[in-house]
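Over in Swiss-Prot, the protein carries these features:
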- CYS149: active site, nucleophile (ACT_SITE)
- ARG11, ILE12, ASP32, ARG77, ASN313: NAD(+) binding site (BINDING)
- SER148, CYS149, THR150, THR179, THR208, GLY209, ARG231: D-glyceraldehyde 3-phosphate binding site (BINDING)
- TYR273: phosphotyrosine (MOD_RES)
- THR274: phosphothreonine (MOD_RES)
- HIS176: site 'Activates thiol group during catalysis' (SITE)
Amino acid sequence: MSKIGINGFGRIGRLVLRAAIDKGANVVAVNDPFIDVNYMVYLFKFDSTHGRFKGTVAAEGGFLVVNGQKITVFSERDPANINWASAGAEYIVESTGVFTTIDKASTHLKGGAKKVIISAPSADAPMFVCGVNLDAYKPDMKVVSNASCTTNCLAPLAKVINDNFEIVEGLMTTVHATTATQKTVDGPSGKLWRDGRGAAQNIIPASTGAAKAVGKVIPALNGKLTGMAFRVPTPNVSVVDLTVRLGKGASYDEIKAKVQEAANGPLKGILGYTDEEVVSTDFLSDTHSSVFDAKAGISLNDKFVKLISWYDNEFGYSNRVIDLIKYMQSKD
C-alpha cells in the first residue's frame, strides 16, 4: 500500500486518519500550519462528535505517533513547500478546503507527491464517487476530487433508481448538519447572508451543488437533477430527500427491493438499507456513503416518489476518501 499524506488537519483530515487506521492504510505525513504537534495530539485524541480515539496518540521528537507509528508533521502554508518526498508520501489528501482546483492542488506535486485527492467538490478536477464511476479513473490523472459528502450519499441511490426505473427528473433536499464554515452567532458572511446566521439557533436554507454534481459522475442524469440544502442545528449526520419522476412505473415495494438488492450486492459497504425506526444519531460514525430509509420514503403514484437516505457527512465521507485512494493505487 502506497503512503498517504494529509494536508489540513481539520474535521475531515483527522477523520481520514481515523478511517485510514481502521482500513489498514498507511498515513506517513500531516501538514497544517495552524496546529502544532501537541495540539494535533489533543484534537486527534478527543472528538466531541465521534468520541475518544481508541488507540494511543502522542507527540515524540516532533512526530505525531499514533498506535506506535510515527507520522511526520509539516507546518507549511504553501503546498509547494511541503517536502512530501522526505516522508515518502505519494498520495496526498487535500483537506484544507482551500486548494480545490487542479492548478492549486497540483502544487503538492512539486514536493514529490504523485497524486492529489481533493476532499471536496472541484470546479475542474475529475470527480469520483465510490460505487458509481470509479471505472472512469485513468492512471494519468494527477489530481482528482472525491466530490462532496452529499454527492456521495445521493449518487449511489440515484444510480440504483436510474438503472432500474429511469429518472426523468428530480429535486433533492439535504437536511444537513452544521459544518465548520458556519457561525456560532450571527456574523458577516460575504454574499451569502443567510449562511452567516447563528448555526445553533436556526434552520438555514442554503445552496448545494451536490445534485448537479451527480450529472458529472452519472452522465445519463446530467441536467435532470438539482437541489438545495437546509442547514440544521445538529453536529453531525445529514439526510437526503430525493424526489423523482420515474420513466418506468414501480410500486414503492419494488423500489425498496431493488435498493436492498444493491445494498447487499454491488454497493455493499457504500449503500446501506434499513427498515428500522431510526433517527439521525443512529448513524453517528456510520461508514456507509448512504443508508436508505425504507420506512421514511413515500410514493404518490407509481411514477412519483420521495426517497430518503441518511449519511454521516463526516465519517462516511472520510472512509470513501481512503477507498478512492486504495482504488487508485490498485490501478496506478
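Placed from the backbone N, Cα and C atoms, the Cβ positions cover glycine too.
Here NAD(+) is bound by ARG11, ILE12, ASP32, ARG77, ASN313 per the record. The longest Cα to Cα distance in that group is 27 Å. THR179 (D-glyceraldehyde 3-phosphate binding site) and ARG77 (NAD(+) binding site) are 23 Å apart (CA-CA, integer value). Excluding SER148, CYS149, THR150, THR179, THR208, GLY209, ARG231 themselves, the residues of that chain whose CB lies within 8 A of the CB mean position for the D-glyceraldehyde 3-phosphate site are, in sequence, THR174, HIS176, ALA210, ALA229, SER238, ASN313.
Put simply, ASP32 (NAD(+) binding site) is 19 Å from THR179 (D-glyceraldehyde 3-phosphate binding site) when counted between their Cα atoms.
Comparing the Cα of THR150 (D-glyceraldehyde 3-phosphate binding site) with the Cα of every entry in ILE12, ASP32, THR274, ASN313, these being the recorded positions, the smallest distance points to ASN313. Only ASN313, of the binding-site residues ARG11, ASP32, GLY209, ASN313, have a C-alpha within 10 angstroms of the C-alpha of CYS149 (active site, nucleophile). Across the residues annotated as binding D-glyceraldehyde 3-phosphate (SER148, CYS149, THR150, THR179, THR208, GLY209, ARG231), the two Cα atoms farthest apart lie 16 Å from each other.
Of the listed recorded positions THR150, THR274, ASN313, the Cβ environment within 10 Å is emptiest of other Cβ atoms at THR274.
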